[in-house]
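Everything on this sheet refers to the single structure shown next.
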């Protein structure tokens, strides 16, 4: 039995969808343990492209159990839109293939509305929310006023909790100048969701535990990236959940001793969507070249991603915090054609060089990246299928990542398709 965590090692958009899909081939269970439909990833199978936001990547296989854990916040409307989208593409989403935690929190219409109103009120200090209601849903969870999936399954309980929330939230919405919500309309809408959701709902911690006892392989699929973690990310420009490996324990009801490994997905350069610090960001033609070559536009928002050189300080931090057993390096094919390639190996801060990521945004703003320069390679590597086929300079680049982070590279991705994957060693 193996229980592996797959998580983003940067600010998200590292290629987790492709790699989770690839690794899911040998998994029996694929579990989402945090986040919501604010995440987006693309999986390419043959000539078909699937854009997923909430449903685990294992859904593309016929024989996998896919789990939305209690750490996920679920927008029923978004969930069923995604299920309809998948079924239109010929992917069956049955109650045997998809399991939804009865303890997961629901995203309600007032969460989405308040997300937008609060972001607008922040003005120039906005934090770049996707507007999906994720943050407000986690806020309600923390203050114990949230509505869970199990509440939705009991009409009278749901009615009472919804009425209280509508009363409270309408006061807030009025304060922000928004339009009040109608209880009856939402109650009717969500009761319809309850009927459709009921077959999928269960205690997912029991499902996962039972599968592990049968020596089944479990893959825990993270959303966003480690630098968006609520505690270890660039706060407040973060998401509202735990995106590091520790989030699996609370977000899926799994004990830490059950986890056998953690794999960090790292892009061969660095990108970020929205506001927040980004020490190696390139605001010149080089950054634009990376964006266009790498097609760096968000799956969920369509926003252009900010691009920059690879930051090894970030990867070293992620490896330490999540106890990574290996890295998967993606999109190294994008770097083909660059004469010189830089990587950040430290920050100049207050007259000295540091190799850690400061907690304070004010301190981080003072940090200037210290670069090491490498020779690039001209040849396209999209057709490479073994480590030996990679250009020598690409191998030197990858070796630097391993040495600096003290973490081996297990897989190198040279394109978006399943077969554009080079296995270097054991995960």
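Glycine is no exception: its Cβ is also placed from the backbone N, Cα and C atoms.
According to Swiss-Prot, the features are:
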- 12-18, 40-42, 305, 331-333, 413-415: GTP binding site (BINDING)
- 13, 14, 15, 16, 38, 39, 40, 41, 130, 144, 224, 239, 303: IMP binding site (BINDING)
- 13, 40: Mg(2+) binding site (BINDING)
- 13: active site, proton acceptor (ACT_SITE)
- 41: active site, proton donor (ACT_SITE)
- 299, 300, 301, 302, 303, 304, 305: substrate binding site (BINDING)
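Within 10 Å of the residue listed as 'active site, proton donor', as judged by C-alpha distances, no binding-site residues are found among 302, 303, 304, 305, 332, 414. For the binding-site residues 12, 15, 40, 302, the greatest number of Cβ atoms within 10 Å around a candidate Cβ is found at 12.
Nearest Cα neighbour of residue 13 (IMP binding site) among the listed binding-site residues (302, 304, 305, 332, 414): 305. Within 10 Å of the Cβ of residue 13 (IMP binding site) there are 28 other Cβ atoms, across all protein chains. The least crowded of the binding-site residues 42, 224, judged by other CB atoms within 10 A of its own CB, is 42.
Each of the binding-site residues 304, 414 was assessed for Cβ neighbours inside 10 Å, and the highest tally belongs to 414. A straight line from the CA of residue 40 (IMP binding site) to the CA of residue 12 (GTP binding site) spans 9 Å. For residue 332 (GTP binding site), the number of other Cβ atoms no farther than 10 Å from its own Cβ, over all displayed protein chains, is 24. Around residue 303 (IMP binding site), taking its Cβ as the centre, 13 other Cβ atoms fall within 10 Å, counting all chains. Residue 304 (substrate binding site) falls within a strand when secondary structure is assigned with DSSP. Least crowded of the recorded positions (18, 41, 305), judged by neighbouring Cβ atoms within 10 Å of its own Cβ: 305. Taking the C-alpha atom of residue 304 (substrate binding site) as reference, the shortest distance to any of the binding-site residues 38, 332, 414 belongs to 38.
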